[in-house]
Amino acid sequence: MRVVVLGSGVVGVTSAWYLCQAGHEVTVIDREPGSALETSAANAGQISPGYAAPWAAPGVPLKAIKWMFQRHAPLAISLDGTPSQLKWMWQMLRNCDTRHYMENKGRMVRLAEYSRDCLKTLRASTGIEYEGRQGGTLQLFRTAQQYENATRDIAVLEDAGVPYQLLDASQLAQVEPALAEVAHKLTGGLRLPNDETGDCQLFTQRLAKMCEQAGVTFRYNTPVDKLLSEGGKIYGVKCGDEVIKADSYVMAFGSYSTAMLKGLLDIPVYPLKGYSLTIPVKEDNGAPVSTILDETYKIAITRFDNRIRVGGMAEIVGFNTELLQPRRETLEMVVRDLFPRGGFIEQATFWTGLRPMTPDGTPIVGRTPFKNLWTNTGHGTLGWTMACGSGQLLSDLISGRTPAIPFDDLSAARYQSGFSPSRPQHLHGAHN
């Protein structure tokens, strides 16, 4: 079968890889001159299934009001009055109760756990290297309340069979030795030993090369104008004067998926702007070993080989990609506070990207009302964490195989009134 994949970020390239491995003839189309040059370029570097959780959570509406008056707030909102922004925010607010939070987090963890298993298999079969580490993730708490709140997430982890360690402040240095110097600022941490890290862009670009060697065609520098449809099917992709045709089409344009599907399918994917710094390591024993997640500022600090990646924050500002100095100052403040000897911060590279976020936090992966159009988008801040599992899942569906995990509640159909999954959507499917 001929399949066109729209988008060459980590989600698009992993989709292409698994489709190619399933025997399909795959073409990837992207407006950029290469793969992983937008949202996948400089993310936080975490592969953290256990921390997969929606931004829509109990208490977030009140926190958002408080954050409006804080200099180093993790979330910023700039209302532009557009219907798409207002509708998306309203849908997000409706997901901020405990029932929705647990339901959404459950399916996110299910897909993320499966994705890590898929990445492990891919790594073993290809030998791909991307400055990856398997040292786990450590979520740091600065208040007693944060430490107590961790018990809510632990319940989901236990249900999913995810190993964890709840540590007090005196135990943090056993996992991350450099934290011994700042333990007095912290109340404890939640460690997930099975989490991983790695350079998402490096992985994506190397996997794209492997895709090419396996026969995948990449059409870079090719902006897409629209999808052409007739009779409940897509019959082509219009790129300037050219129409590229295939048997099936995969939408993996990230935040731009919503506009590209306008008139065909209404999906609630909205850009969530994030920032990162990439810092050369200064003192090895003053830098992190793996990944730190600062719960207060929602900022991740990840160790690559000779670099530290500091990423986080969320701005609901539409498609604005301006680099704001106050955001850089927040990233610098957090890394200086936790790892004062870790890196040459003055040499850091500053970056911003648009994460494609759904109001319930779960990506939109699967079928659409058009029988040959599929979506793989809306992964938010977890594209790197969920990419391999999403790609394998989509390849299985397109190939007519039954996926290894429950999938009905991952497609756009879940936003339709009266939707109910056709089979139990349990967490343990990730380990089947």
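Cβ coordinates come from backbone N, Cα and C, glycine included.
What Swiss-Prot says about this one:
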type    : residues : note
BINDING : 3-17     : FAD binding site
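Note on Val13 (FAD binding site): other Cβ atoms within 10 Å of its Cβ, all shown chains, come to 30. Annotation note: Gly7 (FAD binding site) sits in a coil segment as assigned by DSSP. DSSP gives Trp17 (FAD binding site) a helix state. Close to Ser15 (FAD binding site) in the fold, though at least 6 residues off in sequence, lie Val5, Val250, Ala252, Asn376, Ser390, Gly391, Leu394, Ser395, each with a CB less than 8 Å from its CB. The highest number of surrounding Cβ atoms within 10 Å, among the binding-site residues Val3, Val11, is found at Val11.
Every protein chain shown contributes to the tally, and the Cβ of Gly9 (FAD binding site) ends up with 31 other Cβ atoms within 10 Å. All protein chains shown were included, and the count of other CB atoms within 10 Å of the CB of Gly7 (FAD binding site) stands at 31. Long-range neighbours of Trp17 (FAD binding site) (same chain, six or more residues apart, CB within less than 8 Å of its CB): Leu122, Leu207, Met210, Cys211, Ala214, Val216, Gly391.
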